[in-house]
Amino acid sequence: MDDSVNTRYPILLVHGLFGFDRIGSHHYFHGIKQALNECGASVFVPIISAANDNEARGDQLLKQIHNLRRQVGAQRVNLIGHSQGALTARYVAAIAPELIASVTSVSGPNHGSELADRLRLAFVPGRLGETVAAALTTSFSAFLSALSGHPRLPQNALNALNALTTDGVAAFNRQYPQGLPDRWGGMGPAQVNAVHYYSWSGIIKGSRLAESLNLLDPLHNALRVFDSFFTRETRENDGMVGRFSSHLGQVIRSDYPLDHLDTINHMARGSRRRINPVELYIEHAKRLKEAGL
């Protein structure tokens, strides 16, 4: 078997908002775990809430890390978090750095999401609209977790939204600043408390006319619409997270021609991308291995 990405420590893929490990044959990290396994990596997908705040999800993740260490005898783990999964991973690394070898943020809103800001403004706190929307999205999150075989996971969509706004993440960053850049658009420290920090992300590039077959992807089209909600990082975002907002630790690249869902390999059949998202994970696993992680 190919052992080119047989990292020293296991890799945990941490999903984001409305995420899951798998529903039937459909994986959140589509084709990524399988590809890493085939290249010799030991990969796990933890079971955490589809919608909740960063700390609640992080506490769930930490418990599973302890269980995994007992099961496989690993001293530490490598965390790769997509979207809110990056904040979940950062929280665990901040409170238990001795258990974490590395944190990698993939399209993570490490300085908040302007889309979350707009959604937050659309609902007046305590009013009926907010209550109804929160109830519906929480129920949807519970439905997703039930479909994935985990119906008892706690869900709170309003807490999740508040945790992803610019203000919410700013408060989070004051408590857990590890790996953050000291200037907007810069890189953060590559290592803090013996934890290595990395990030990569993409942006939606070009006009609709230039995208040809990508216009067949309805999710990509929706993310293109969401781009109009951004003011600080207009045309420098992936539809959900701004380019510079994603920066953490060693920034591998933050302008891949990929939208927010492309980075977990969710593309409509027939659409085309110049970058293979799965290869980014394989390359990164090689990077972790070369770093002794």
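Glycine is no exception: its Cβ is also placed from the backbone N, Cα and C atoms.
Keep in mind it's a predicted model, so treat the numbers as computed, not measured.
Here is what Swiss-Prot says about this protein:
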type	residues	note
DOMAIN	10-206	domain 'AB hydrolase-1'
BINDING	Leu17, Gln84	substrate binding site
ACT_SITE	Ser83	active site, nucleophile
BINDING	Asp217, Asp262, His266, Arg269	Ca(2+) binding site
ACT_SITE	Asp238	active site, charge relay system
ACT_SITE	His260	active site, charge relay system
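Here the features listed in Swiss-Prot are placed on the structure.
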| residue | record | DSSP (3 states) |
| --- | --- | --- |
| Leu17 | substrate binding site | coil |
| Ser83 | active site, nucleophile | coil |
| Asp217 | Ca(2+) binding site | coil |
| Asp238 | active site, charge relay system | coil |
| His260 | active site, charge relay system | coil |
| His266 | Ca(2+) binding site | coil |
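Highest Cβ count within 10 Å among the recorded positions His260, His266: His260. Cβ neighbours of Asp238 (active site, charge relay system) (same chain, under 8 Å, six or more residues apart in sequence): Ser107, Ser201, Gly202, Ile203, Ile204, Leu223, Leu258, Asp259, His260, Asp262, Thr263.
Taking only the Cα positions, the spacing between Leu17 (substrate binding site) and Ser83 (active site, nucleophile) is 7 angstrom. For the pair formed by Ser83 (active site, nucleophile) and His266 (Ca(2+) binding site), distance between Cα atoms is given as 14 Å, rounded to the nearest Å. Using a 10 Å Cβ-Cβ cutoff, Leu17 (substrate binding site) registers 24 neighbours.
Taken together, the residues of the domain 'AB hydrolase-1' (10-206) have an average pLDDT of 89.
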